[in-house]
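Under the heading substrate binding site, TrEMBL lists 9, 10, 11, 169, 207, 228, 229. Residues annotated as active site, electrophile in TrEMBL: 95. According to TrEMBL, the feature active site, proton acceptor maps to 163.
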Ligand code: PEP
């Protein structure tokens with residue numbers, strides 16, 4: 001047990017009954033029911049899952065948040081204060097699917113991080129390069145650019161998730177050397193350029209499964225995993241938590 005973080009990202013999957021069954025299994029299981037485990041569930045089920053998790057050690061996260069801080073005429077938006085009100089302790093910001101399908105970029109992501117921090121939520125800020133950017137050899141500058149938007153912000157409750165876009169949902173995992181190298185780069189950049197505290201944690205995400213979780217989570221540079229597909233399966237997620 002290395003106390004590494006395991007964050008589940010259900011994305012847009014499941015219904016009420018699925019959530020209730022999965023959460024019931026997880027909270028009854030001491031391998032999963034630990035403070036290092038957190039579930040990022042669809043917005044509409046946050047309140048219910050929060051109630052199901054009450055009294056357990058498992059954290060609850062949203063997959064996105066509005067950049068708007070004060071209530072107002074922002075149709076469809078959900079504020080950080082609302083997330084905190086329905087038991088969330090953290091929020092994913094900047095997931096590649098938000099960047100890709102919703103055009104989210106630097107200024108809006110910075111505003112979201114600020115809004116989440118103001119409401120007392122921890123932030124899991126996701127970054128990662130595309131396959132083309134990696135093949136062109138520019139992954140460091142891509143990651144640096146994505147991190148730079150955090151300049152001047154309080155980094156004390158921020159976790160970075162390195163998720164190479166080409167490894168998300170594809171079954172294609174970064175090699176251990178690639179993960180080690182990218183995590184070392186991110187950590188150094190956060191400490192030196194963003195003045196993050198030494199305690200900053202960097203998670204890996206991208207096709208983490210039971211059969212590769214052990215070797216990925218064993219890396220010193222990896223402080224945990226962000227798990228998409230495999231987090232929807234109790235037995236698979238349990239094995240990943242066991243490796244953490
Ligand atoms: C993710 O959604 O953040 C993710 C890493 O997905 P998957 O594990 O399915 O690649």
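Note: Cβ is positioned from N, Cα and C throughout, glycine not excepted.
Note: TrEMBL annotation is automatic and uncurated.
Structure with TrEMBL features highlighted.
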residue: 9; record: substrate binding site; DSSP (3 states): strand
residue: 95; record: active site, electrophile; DSSP (3 states): coil
residue: 163; record: active site, proton acceptor; DSSP (3 states): coil
residue: 169; record: substrate binding site; DSSP (3 states): coil
residue: 207; record: substrate binding site; DSSP (3 states): coil
residue: 228; record: substrate binding site; DSSP (3 states): coil
**Prompt:** Could you give the Cα-Cα distance between residue 228 (substrate binding site) and the residue listed as 'active site, electrophile', in whole Å?
**Reply:** 11
**Request:** Quick one: of 10, 163, 169, 207, which recorded positions lie within 10 angstroms of residue 95 (active site, electrophile), measuring between C-alpha atoms? Sequence order, please.
**Result:** 163
**Asked** Which has the fewest other CB atoms in a 10 Å radius around its CB: 9, 207, the listed binding-site residues?
**Response** 207
**Fill in**
In all the protein chains shown, the tally of other Cβ atoms within 10 Å of the Cβ of residue 163 (active site, proton acceptor) is 26
**Request:** Over all pairs in 9, 10, 11, 169, 207, 228, 229, the listed substrate binding residues, work out the largest Cα-Cα distance in Å.
**Result:** 14
**Prompt:** Which site among 11, 95 has the most other CB atoms no more than 10 Å from its CB, taking these as recorded positions?
**Reply:** 95
**Fill in**
Excluding 9, 10, 11, 169, 207, 228, 229 themselves, the substrate site's Cβ centre has within 8 Å the residues 168, 227, 230, 231, 232
**Message:** Using a 10 Å radius around each Cβ and all protein chains in view, which of these binding-site residues has the most neighbours: 169, 228, 229?
**Reply:** 228
**Complete:** Nearest by Cα to residue 163 (active site, proton acceptor), of the binding-site residues 9, 11, 207, 229, is 207
